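Peer 1: I'd like to ask you about the structure that follows.
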Amino acid sequence: MEPENDTGISEFVLLGLSEEPELQPFLFGLFLSMYLVTVLGNLLIILATISDSHLHTPMYFFLSNPSFADICFISTTIPKMLINIQTQSRVITYAGCITQMCFFVLFGGLDSLLLAVMAYDRFVAICHPLHYTVIMNPRLCGLLVLASWMIAALNSLSESLMVLWLSFCTELEIPHFFCELNQFIHLACSDTFLNDMGMYFAAGLLAGGPLVWILCSYSKIVSSIRAISSAQGKYKAFSTCASHLSVVSLFCCTGLGVYLTSAATHNSHTSATASVMYTVATPMLNPFIYSLRNKDIKRALKMSFRGKQ
């Protein structure tokens, strides 16, 4: 059968996490709750960093940016999933699929880059404390965030433009709850070599690169902490990195777990279920990790709410 040109494709079918009708109300309630908790938690972090002048520092400036990215990241997938469950329709238009994929890649890559930027901030704060305010000046902080946005946007745009050249046959079912790039590419009838190479290059650049940078930064941070003589000083230095380390570990372990699970089982349904960890669970848990371990954010939130009463 000759492949159809993708201009003739009008819609795809998202198979979701389960086809069992009795599970749909449970899935709707579960993901709606997780979505609301994620949005509320990250909004509270942004509110705290904006409202409290004591938090107008590079560390909290960088923290508020991943919170915004997490809200956008989860908003690209879950609302459409909830609408599909509620309307009992699994259809997504071709344009909607490309758009969803574009923003998912954008904010996923942005999250990874911002984690690397936060690692650099912690490296300067611990390894060069006397020069911290000079090095991490507002101009550099703004440039680091702007560069992260630009790199993530260019990658997202290039990935999205490359899939526009793909042609599809009659198999238009995506075994996922959103238009995941890898699954979308594998539906194509045309040659996907360039798409695969682009996807692997982007993964190395936006996942491998930041991870290597974070590991190198923390190796130097650990060396600096070990050189501190007092136990209290060591604890204080490490506590400033604990939340960031927890988020990096969660993000990397869940993302790596998804791809290892996918490679080991070759089961699309299993991969879709596992991907819930980094697409939904990680953005939801991040605010708890930062707020529960951060007295400044809890104090800022208390002052903010008391001021509104």
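Here the Cβ of each residue, glycine as well, is placed from N, Cα and C on the backbone.
Because TrEMBL annotations are produced automatically, they should be read as predictions rather than curated entries.
The structure displayed is predicted, hence computed values, not measured ones.
The transmembrane segment annotation in TrEMBL covers 26-48, 60-79, 91-120, 140-158, 197-216, 237-260, 272-292. As annotated by TrEMBL, domain 'G-protein coupled receptors family 1 profile' applies to 41-290.
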Peer 1: Please figure out which one of 26-48, 91-120, 272-292 racks up the most CB pairs under 8 Å against the transmembrane segment (60-79).
Peer 2: 91-120
Peer 1: Roughly where does the domain 'G-protein coupled receptors family 1 profile' (41-290) sit in mean pLDDT, to the nearest integer?
Peer 2: 87
Peer 1: Out of 26-48, 91-120, 197-216, 272-292, which stretch has the largest tally of CB pairs under 8 angstroms to the transmembrane segment (140-158)?
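Peer 2: It is 91-120 that shares the most Cβ pairs under 8 Å with the transmembrane segment (140-158).
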Peer 1: Between the stretches 26-48, 91-120, 197-216, which wins on the count of C-beta pairs under 8 angstroms to the transmembrane segment (272-292)?
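Peer 2: When the Cβ pairs under 8 Å are tallied, 26-48 comes out ahead.
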Peer 1: Which residues, given as numbers and ranges, are at least 6 beyond the ends of the transmembrane segment (197-216) yet have a Cβ under 8 Å from it?
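Peer 2: Hits for the transmembrane segment (197-216): 105, 108-109, 112-113, 115-116, 119-120, 151-152, 155, 158-159, 162, 181-182, 185, 248, 252, 255.
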